[in-house]
Amino acid sequence: MQKDKSTNLKVRLPALVFALEVLTVVLYALFVTYDDHSNALHQNNMTNHRENAVYQDYPFFADIQVMIFIGFGCLLSFFRHYGFGGIAFNFLTATFSIQWAILVQGFLNFYYDGKIHLGVINLINAEFACAVVLISFGAVLGKTSPVQLLIMALLEVPIFGVTEWIVVTYLKINDAGGSILIHLFACYFGLGVTFMLYRPDLNDGHPKEITSYYSDMLSVLGTLFLWVFWPSFNCALTLRGDDQHRAILHTFIGLSASTLTAFALSAMLSKNGKLSMADVQNVTLAGGVTVGASVDMMISPVAAYALGMLGGIACMLGYKYLSPFLARRLHVQDQCGIHNLHGLTGLISSLAAICAILLASEETYGPSLYQTFSYRAPIVGDSRLEELQKQIPGLEGGLGRTSQEQALYQVAALGSTIAIAIVGGVLTGFVLRQPYLASPNDHFCFDDQPYFNIPSDQTEMIKNEKEITLQHVN
Amino acid sequence: MQKDKSTNLKVRLPALVFALEVLTVVLYALFVTYDDHSNALHQNNMTNHRENAVYQDYPFFADIQVMIFIGFGCLLSFFRHYGFGGIAFNFLTATFSIQWAILVQGFLNFYYDGKIHLGVINLINAEFACAVVLISFGAVLGKTSPVQLLIMALLEVPIFGVTEWIVVTYLKINDAGGSILIHLFACYFGLGVTFMLYRPDLNDGHPKEITSYYSDMLSVLGTLFLWVFWPSFNCALTLRGDDQHRAILHTFIGLSASTLTAFALSAMLSKNGKLSMADVQNVTLAGGVTVGASVDMMISPVAAYALGMLGGIACMLGYKYLSPFLARRLHVQDQCGIHNLHGLTGLISSLAAICAILLASEETYGPSLYQTFSYRAPIVGDSRLEELQKQIPGLEGGLGRTSQEQALYQVAALGSTIAIAIVGGVLTGFVLRQPYLASPNDHFCFDDQPYFNIPSDQTEMIKNEKEITLQHVN
Amino acid sequence: MQKDKSTNLKVRLPALVFALEVLTVVLYALFVTYDDHSNALHQNNMTNHRENAVYQDYPFFADIQVMIFIGFGCLLSFFRHYGFGGIAFNFLTATFSIQWAILVQGFLNFYYDGKIHLGVINLINAEFACAVVLISFGAVLGKTSPVQLLIMALLEVPIFGVTEWIVVTYLKINDAGGSILIHLFACYFGLGVTFMLYRPDLNDGHPKEITSYYSDMLSVLGTLFLWVFWPSFNCALTLRGDDQHRAILHTFIGLSASTLTAFALSAMLSKNGKLSMADVQNVTLAGGVTVGASVDMMISPVAAYALGMLGGIACMLGYKYLSPFLARRLHVQDQCGIHNLHGLTGLISSLAAICAILLASEETYGPSLYQTFSYRAPIVGDSRLEELQKQIPGLEGGLGRTSQEQALYQVAALGSTIAIAIVGGVLTGFVLRQPYLASPNDHFCFDDQPYFNIPSDQTEMIKNEKEITLQHVN
């Protein structure tokens, strides 16, 4: 092992973190100020404190915080010897990603009068960018150092931010739950990264690629936190009122259907008719993604249920048959199977949304059609807009698109998101292959030992396991 | 062991789950649509999105989700070798129960114009039905297969739904926290089931009926989640405003009193003066049940405290003296002691509510007496109703009952709920005794092995334990 | 070991708890009633239920509940053999502290017409008092019996309550996040207690002063709950609207900065360049304290970031260099290092608030300057007050203080809080040294065995560890 490939963090990690912190401080100092709802100067005798945006946004923000830090953190701790790595590197990466996204998205979406204007709504948006990074992290879990993870976040957040900005500003698509922008982007970016970090010797398994009883319990606890709060994730940025109401219902129904399906298929497809905790930890969540792109639409509750079932089936079959194929043939080692949980399901969700868009009519939605599908509202100046505004006073002029036109825009967004994600992921993976980034060698993958001081009970356990293995060999 | 009694899930579980999913899809397709608050068509120029019911209901829904999936899930994972079963079967059973209750309660309570109308409020109601199933699950924990649990839910939800519908529609009782309808029903149903599944050989204990250090920690974590969010459970369906405010206060105070009592009695009644984690996990929660039936009334804070203490004492004495008696003499093996935590406490709560009802007067409640006790409002046409409506504009006509009459209705509800629960539980238990339901034999009770692929550290542990046991024998 | 020093809880714990419960019941019965928002009598035809204070307060209350019972509970469970003690004694102590604080703060702050008036707002205040006790508990973790902990709470709550009352009523300071009143008080009180409970033989370490892999995981889970909900803690008692919005933003930013700093310094200052979970568990939280005293002010986002970094650095250096010094030289054995996480950071926060107060001007705040800094509002009768009331209708008359004057009041509050805390802590420590309080001897520190019935896997583990130790010795 060359010195420059050492996993020692004593210099590398603080050097990188402090550089990033100084950068953050400088950018905050130069550019970040309060938005109208967090600025004391904007309060006057007309201000009703109850209408401050914080009361709309904070509950959803808090729920998503639980998902990011506790849900993902526990879920990623399933390896027997990499529990510290799972929960702590998730903590580190998420914290940095959110701060970095506040700045990147700030410049792209919240910048005026020479300043980024900051409120809790920015934090929710930044959490979505963070979720992107954490999903990609799943592809390389246990095979990357914290230095590499921070650099991945450093590169992924702006690539995601620009993609999001292009899609939202120019293509204007429906994707309330982020199935396209978040899940598909994160998935293909992560696959691009892991393709570049291909480790041929790990295709035959690794002795530490195992779980323990309590790592599995903690991991399923993470799943449950994600499951419980997923409706908040899918509805946080939808229109207030009935749209948000539907988003909650559909997400809950979709998750329920994928959960039942996951249990059924886990028993059915296992050799001995027993359930696997890995399925309970992952496949149960598929429905949250498949309902995502159409989550605020009038798709009907039964469609949400069917999407959940479909998601569960696709995700399960992916784990069983596609992941091994990707690893052996395409050199894409997808550690947590994000292509199953976020890729296949994201594709299903995108197609479902296109169907829902093509079927959407004033008959079903009433005039609020032009709010949920705002690009379909007549353009400013069109007399039909004025008529509609009599029914919905606040309605803004749109782009006058037909549903068929919109379907094409959705396809365009889908394609361009995946393309940018793959290219961005591959380039990022290339950067992560550089030396000095404390990457673990194959032997120390899925192992806390290179990065953490470990309690003696765990080191004893590792010693015992080695002895058992040696006895088996002899 | 006969083949038909095998615990292999490869065919049974998927066959049952897919049948249930198909049934659900058909019923959803035929009958389920959006309610006024989740339907886009109902939005017009009068709609204020902030007044959508979702903003009232969703926070409580989310809190109860945490209780159901994380609170119950962790709490039921206390067995050393049945942690996966505890948390995962809770997940499976809860998910199915809620979906099934949406349909059953939908037909009974939310059905008009040929459709079940769906909003988050239905989900809260369905979660209550789910809590019923999970409490009953406690009686047979570790002794039932997931197939049996799903069938139990399949039968219990409609029996509960009809009982609830009768009591709410015809008897019209006070039971905001569900001490009668939820806790007593669930308890006696579960006891009925476990009576039919009596396993005589388990009365002398089972070598796997033990906890481990970390299963106890996870279980108490579940208790804490239930404890923290219980006020949301008890207030979710009370009247908005001061009623809900009182429900929160009383639940918190009641739980505090039962917690202190639990610690005191745990040390006092143990042989060696040491605390038992089983008491910390269960008895602490008794106060949440004892305040339940009168939780929204003006019982005064001190009464909530006293009810919490009483609950803790009754629950503790039940664990110590009544549970062994029930198991040996009545063949009721109550695995988690639900008769102590939900039965005895439910009875205390019912009696307390009757006292509170008899004492309730306009002097204490003002005109809102006729809201909290709506059946006491004068009937439509009575001139006293019009007078009261001057003070409380929205007041609806009631049944003109006296408090004494109401006390009798409470007793009737109590008796009929318990009676239906016992009969329903016994019948359900009879069904669960049929072959092909993958029931574990005595040896494999409290054990994940029949149903899960287990990490090697746990199988090693089981092997070591056996060796230790053998050494002790030799 | 003398009999009176036994750790047997069979008599002591129930005797104390029941005495406290009887005291509570009597005081509740004599003095506690509902406040305007929880009293049914106060409802009339003008009441809008949506404006009941419960809807403002309950969400923050619930978040802080999670912090108190789950966050602290898990965080304090980091010892390998004292997990039950950590989570269960936290549960017991917190439950009693809140009930006791409801009464103590009730007499001081919510008492009129001969009664303590109770609403959810009282519970939030009581949770803050409870947080004080739990922070102090950190100083003596593993070295005190539950009897001692209850007596500590019994004494600390009133001493804190009176301090709070003096500071809030007479000195009138800015301290929204409680950096002075909560963190500094709790810290120096705890140090006073541990000074009196000095155990010279523990300065050279104790064989049970170790963690295990899963105790570390659970502990960091506790950290994450504290981290995620800390914004709710810091904003719960600030002014509604933009003040609360800023409190959330600053807390989140401060925590992010201290988290990144903690990871960087943990690697940098360790001998082998590896991360320590103790740092991840503690130092990450420093930013929540350092932003506390100025959390609602217009300090600018960059200042929150800088305060978070500063907090992380001070806390980390404290753990590394100051704690060992305090233990050896000053006989202050600060078990969890509360002086680093709450003391040093509290001092930084106090200084930052003084700077922010000195810099606060109408230019930055507009007329709402006189709300955030209410003591600066002109006194009643001053014509400037009337002018300002035109801009902010509800503005109340203040004390007409200048910012320089206020800075002195802040210093006075800082000094007096620390002074009372030290004296109170020393006196309380003196009481805790009395016999009959079930204090463990040195050998049984950091050990569940004196107080809990322990599952056999843990007792086996302890036996094995002893054997390993003996082998090493021989």
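Placed from the backbone N, Cα and C atoms, the Cβ positions cover glycine too.
Under 8 Å from some Cβ of the transmembrane segment (C:12-31) lie the Cβ atoms of residues 96, 99-100, 103, 106-107, 111, 114-116, 146-147, 150-151, 154, 436-438, all in the same chain and six or more residues away from its ends. Positions annotated as transmembrane segment by TrEMBL: C:12-31 (among others).
Residues or ranges marked as domain 'Ammonium transporter AmtB-like' in TrEMBL: C:24-432.
The annotation transmembrane segment is assigned in TrEMBL to C:58-79 (among others).
Feature annotation from TrEMBL assigns transmembrane segment to C:91-112 (among others). Within the chain carrying the transmembrane segment (C:91-112), a Cβ under 8 angstroms from the stretch's Cβ atoms is held by residues 20, 24, 27-28, 31-32, 35, 68-69, 72-73, 118, 122-123, 125-127, 129-130, 133-134, 137, 146, 149-150, 152-154, 157-158, 161-162, 164-165, 168, all 6 or more beyond its ends.
Among the features that TrEMBL reports, transmembrane segment is placed at C:118-142 (among others). Beyond the ends of the transmembrane segment (C:118-142), by six or more residues, the same chain brings 32-38, 53-54, 57-58, 60-61, 64-65, 67-68, 72, 76, 79, 82, 85-86, 89-90, 93-94, 97-99, 101-102, 104-106, 109-110, 148-149, 152-153, 156-157, 160-161, 164, 178, 182-183, 185-187, 189-191, 193-194, 197, 208-209, 233, 236-237, 333-338, 342, 425, 445-447 to within a C-beta distance below 8 angstroms of the stretch.
Residues annotated as transmembrane segment in TrEMBL: C:149-168 (among others).
Within the same chain, residues 128, 131-140, 143-144, 152, 156, 159-160, 163-164, 167-168, 173, 289, 292-293, 326, 330-335, 338-339, 342-343, 345-347, 349-350, 410, 413-414, 417-418, 420-430, 432-433 sit at least 6 positions outside the transmembrane segment (C:180-198) and bring their C-beta atoms closer than 8 Å to a C-beta of that stretch. Per TrEMBL, transmembrane segment is recorded for C:180-198 (among others).
Panel annotation: around the transmembrane segment (C:210-230), residues 63-64, 66-67, 70-80, 83, 251, 255, 259, 277-278, 280-282, 284-285, 288 of the same chain, lying at least six beyond its termini, place a Cβ under 8 Å from a Cβ of the stretch. TrEMBL lists C:210-230 (among others) with the feature transmembrane segment.
Counting same-chain residues at least six beyond the ends of the transmembrane segment (C:250-270), those with a Cβ under 8 angstroms from any Cβ of the stretch are 177, 227, 230-231, 233-235, 276, 279-280, 282-288, 290-291, 294-295, 299, 301, 304-309, 311-313, 315-316, 320. The transmembrane segment feature in TrEMBL is assigned to C:250-270 (among others).
Long-range contacts of the transmembrane segment (C:282-299) within its own chain (CB-CB distance under 8 A, at least 6 residues past either end) are made by residues 174-180, 182-183, 223, 226-227, 230, 233-235, 238-239, 243-244, 246-247, 250-251, 253-259, 261-263, 265-266, 307-312, 314-316, 319, 336-337, 340-342, 345-346, 348-350, 352-353, 356-357, 360, 364-365, 372. The transmembrane segment feature in TrEMBL is assigned to C:282-299 (among others).
Annotated transmembrane segment per TrEMBL: C:305-322 (among others), in sequence order.
Residues or ranges marked as transmembrane segment by TrEMBL: C:343-361 (among others).
Beyond its flanks by at least six residues, the transmembrane segment (C:407-432) meets 136, 144, 148, 151-152, 155-156, 159, 163, 166-167, 171-175, 180-181, 184-197, 350, 353-354, 357-358, 375, 401, 439 of its own chain at Cβ-Cβ distances under 8 Å. Annotated transmembrane segment per TrEMBL: C:407-432 (among others), in sequence order.
Listed by sequence, the residues of this chain that lie at least six past the ends of the transmembrane segment (C:58-79) yet keep a Cβ under 8 A from its Cβ atoms are 85-87, 89-91, 94, 98, 120, 123-124, 127, 130-131, 134, 137-138, 141-142, 208-211, 215-216, 218-219, 221-223, 225-226, 229-230, 232-233, 235-236, 278, 281, 336, 446.
Note on the domain 'Ammonium transporter AmtB-like' (C:24-432): its mean pLDDT in the predicted model is 96.
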